[in-house]
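Copied over from TrEMBL, here are the features:
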- 1-69: region 'Disordered' (REGION)
- 20-29: compositional bias 'Acidic residues' (COMPBIAS)
- 58-68: compositional bias 'Polar residues' (COMPBIAS)
- 75-123: coiled coil (COILED)
- 235-269: region 'Disordered' (REGION)
Amino acid sequence: MSDESTESHQTAEPSPDSDISGDEDEDENEREHNMNEEEKHQTKDTHGSSENPDENNQDATTEASSLADQVAKYDEALAVEVKSLTNEYDEQRERIDELEAALKRSKADFENYKKRAKKREQQIRERATEDFVGRIVGVRDNLVRALEQDSDADIRPGVESTLDEFDRVLEDENVTLINPERGDNVDPAQHEVLMRVDADLPEGTVAEVFQQGYQMAGTVIQEAQITVSTGADITENKNENENENPDANANTDTDAMKEETNSLENESE
């Protein structure tokens, strides 16, 4: 009896190898269980997706619509910003154009002012020179009259030298003489007619220069004083010649008639 119990006891006692084998079996079982659970979940998800396609499509449509709304809002905000920047650019461009136009006008006004100031300065300088020349030409006229008269031979060289010096100064100031010749036509702008005299010159021409005139750069400072011929002496001389030589006058008239006749004959041919 005791032997059987001892044997059974020995049989029931597990060995170390059997413990290791049991642990491995438990791990294997747990892995299989986890794999089965995962497959169940995947199958459930698959079945759920296949069972509710409309719900999935609705979710996708909602998400796409939300994105489209966001894009539309972004485009709208961007358009507003672009319009604002464009308006600001146009305003600044218009302002720049106005400033550039104002600058051009200011430059033109300044250039015109400089030209006017320069012209005014030149006119003042010329007027001052004209006044000075107007005062000294009278002295020159006196020197000329002194030389025209019978003056002392001892002082004549000095007067001539002084007159030459006057002429050099006047020439440096661009002053020229107005000294018409006998028989020249009268220029009202340069000549002052003192009287009309009988002279053997054409009527209305310069008979004699009483005093020379002066002009500076085209501006008359002093008119030349002159007398004008009436042409009476020419008429008298012509009448006297006709009375003294009637035959010559007749011959002249005959020659003139012959020339006129020849001219008419040539024209008729």
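The count begins at 1 with the first shown residue.
Backbone N, Cα and C atoms are what each Cβ position is placed from, and that goes for glycine too.
TrEMBL: automatically predicted annotations, no manual curation.
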For the compositional bias 'Polar residues' (58-68), DSSP counts of helix, strand and coil? 11 helix, 0 strand, 0 coil
Average the pLDDT scores across the coiled coil (75-123) and report the rounded value. 93
